[in-house]
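> Structure below; questions to follow.
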Amino acid sequence: MMKPSMLRSLHSAATRGASNISRRGYASEPGPERKVAVLGAAGGIGQPLSLLMKLNPLVSSLSLYDIAGTPGVAADVSHINTRSKVVGYQGEEELGKALEGADVVIIPAGVPRKPGMTRDDLFNINAGIVKALCTAISKYCPHALVNMISNPVNSTVPIAAEIFKKAGTYDEKRLFGVTTLDVVRAKTFYAGKANVPVDGVNVPVVGGHAGITILPLFSQATPKANLDDDIIKALTKRTQEGGTEVVEAKAGKGSATLSMAYAGALFADACLKGLNGVPDVVECSFVQSTVTELPFFASKVRLGKNGVEEVLGLGALSDFEQQGLESLKGELKSSIEKGIKFANQ
Ligand SMILES: NC(=O)c1ccc[n+]([C@@H]2O[C@H](COP(=O)([O-])OP(=O)(O)OC[C@H]3O[C@@H](n4cnc5c(N)ncnc54)[C@H](O)[C@@H]3O)[C@@H](O)[C@H]2O)c1
Ligand SMILES: O=C(O)C[C@H](O)C(=O)O
């Protein structure tokens, strides 16, 4: 049996861990009541993401929805002694209750890749899932900020936009494709090559979320490091192929779940901070955009009380990045158009 002193030290270790998360992303002030719904909460991303959202003091109500498995996940997570009340919802008939009153809806519902597949190979299954979930969002929580994780993000975000337009609830400030994992990867890989502490690293990642459409801007990375061109090229390729690296390592057992849960929790936390009026919350996200001629594009976005407060421009690009930008446009355009066409069929 564990001695009380051991329990106390475990508790203080957990508290130190929590304050560490606070410094990195989570605010320490609870703030107003906020409901967050996770759709696909029993999945590989959904479970650790639900855990991380339960640890976030900005959340007062955590709604966990899936087509199966949510009672167990919700019961488990609900025992954690943090602010939010957790309720699990299972099956389509409970989707409305799961969504009602939500301020932020995070969507990791859908199938992941297996080795040899592209994200676009997921389109046929995931497009229908996203369409159904977004139809329900437009009915039950039309003002929620929607954080789209389900792939292919380059198409699922345009699908969501079209579904909301049809329902008359579209607000471009409230729809986000979650590309935070690309930023998380770019920071990690850059810190390794630049030999700097990863804590202080910043790297914007723009474009979209698939292969060459993922464009990390290492020329803008801070702290500055004089890396050779071939290292920058290798870092760019590794960031673009980061998802595939994990899919291959998992050898048929899915794609990134734990790092994605971390990235999804960071992005949702930024949305909540923005809603709560915290100034200068800036994250990269795939949003409706006029930064390029494409209708959706990932770039730095300032978050505020209504969602997107400002879509920030690209800044100065290196020649290599400028070429990358031109090369990604064709693929990104057709993925966007594919999503729009599907939603209007
Ligand atoms: N944006 C990103 O950076 C990023 C990163 C990693 C994974 N993903 C994507 O996230 C998605 C989920 O990945 P995963 O590894 O968690 O998959 P998973 O199969 O482990 O989990 C998916 C969950 O979605 C649920 N689901 C299926 N249909 C649903 C519906 N209609 N309503 C609600 N829930 C439903 C399933 O029951 C399952 O629990 C995939 O499409 C994957 O490609 C995106
Ligand atoms: O690569 C995938 O299929 C999942 C995700 O988009 C990722 O970047 O890890």
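Glycine is treated like the rest: Cβ placed from N, Cα and C.
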> Looking at 1-30, 301-330, I want to know which stretch TrEMBL calls region 'Disordered'.
1-30
> In TrEMBL, G40, A41, A42, G43, G44, I45, G46, D66, I149, S150, N151, M260 are given as binding NAD(+), so which of N124, N126, N195, N226 is in that site too?
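So, going by the record in TrEMBL, that would be N126.
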> Report the residues of the chain - excluding R113, R119, N151, R185 - with C-beta within 8 Å of the mean position of the site's C-beta atoms, for the recorded substrate site, in sequence order.
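Same chain, not in R113, R119, N151, R185, Cβ within 8 Å: P112, P152, V153, H209, A210, G243, T244, V247, S255, A256.
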> Using C-alpha atoms only, work out the spacing between R119 (substrate binding site) and G44 (NAD(+) binding site) and round it to an integer in Å.
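For R119 (substrate binding site) versus G44 (NAD(+) binding site), the Cα atoms are 17 Å apart.
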> Averaged over the domain 'Lactate/malate dehydrogenase C-terminal' (179-342), what pLDDT does the predicted model reach?
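Averaging the confidence scores along the domain 'Lactate/malate dehydrogenase C-terminal' (179-342) gives 98.
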> Where the distance is taken from Cα to Cα, which of the recorded positions R113, N151, R185, H209 turns out closest to N126 (NAD(+) binding site)?
N151
> List which of the recorded positions A42, G44, G46, H209, M260 have their Cα within 10 Å of the Cα of N151 (substrate binding site), in sequence order.
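H209, listed in sequence order.
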> At the level of the C-alpha atoms, what whole-angstrom distance separates G46 (NAD(+) binding site) and H209 (active site, proton acceptor)?
19
> Calculate the distance in Å between the alpha carbons (Cα) of M260 (NAD(+) binding site) and H209 (active site, proton acceptor), and round it to a whole number.
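The separation of the Cα atoms works out to 13 Å.
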